[in-house]
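Q: Okay, these came from TrEMBL:
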DOMAIN    1-79  domain 'Glutamyl/glutaminyl-tRNA synthetase class Ib anti-codon binding'
DOMAIN    97-137  domain 'tRNA synthetases class I (E and Q) anti-codon binding'
Amino acid sequence: NFPSFEPLDIQVPNFPADETKGFHQVPFASILFIEKMDFKEEPERGYKRLAWGQPVGLRHTGYVIELQRVVKGPGDFVESLEVICRRADAGEKPKAFIHWVSQPLMCEMRLYQQLFQHKNPEDPAEVPGGFLSDLNPLVFNRTVTLKEDPGKM
């Protein structure tokens, strides 16, 4: 029950803590991607994100989604969620607002561990042997694939 046949353009602040730094447009369509941590079929006590009987707000949209159906694939893994989307009214305030992306761009991120073992590797008092002796022998990088909103490009 998406509110429009065409994707809507949502104004999202570049820096949510400081809206004076501008905005960018993000498409809001009937298919959304949310973080895996933002949904649990059997939530523990105190869980405030999307779950059965627990609607959540979609950040920056003014809309609330409520779970209707969980679609599972092989191995009983959740493949998708079907939700009802409705305009948030003044009387309804969801317990949480979650991040989402629609029509995402795929991007590759490289995550690195800390290069040095100490905070100040050039400080002779902290690292007497110099910064080269302070290299972290366990440094590795990991490449992960993310879905990013196209409004940031």
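Here the Cβ of each residue, glycine as well, is placed from N, Cα and C on the backbone.
Curation does not apply to TrEMBL; its annotations are automatic.
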Q: For a three-state summary based on DSSP, what are the helix, strand and coil counts in the domain 'tRNA synthetases class I (E and Q) anti-codon binding' (97-137)?
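A: The breakdown for the domain 'tRNA synthetases class I (E and Q) anti-codon binding' (97-137) reads 4 helix, 14 strand, 23 coil.
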Q: Averaged over the whole of the domain 'Glutamyl/glutaminyl-tRNA synthetase class Ib anti-codon binding' (1-79), what is the pLDDT?
A: 93
Q: With DSSP as the yardstick, break the domain 'Glutamyl/glutaminyl-tRNA synthetase class Ib anti-codon binding' (1-79) down into helix, strand and coil residue counts.
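A: Secondary-structure composition of the domain 'Glutamyl/glutaminyl-tRNA synthetase class Ib anti-codon binding' (1-79): 9 helix, 33 strand, 37 coil.
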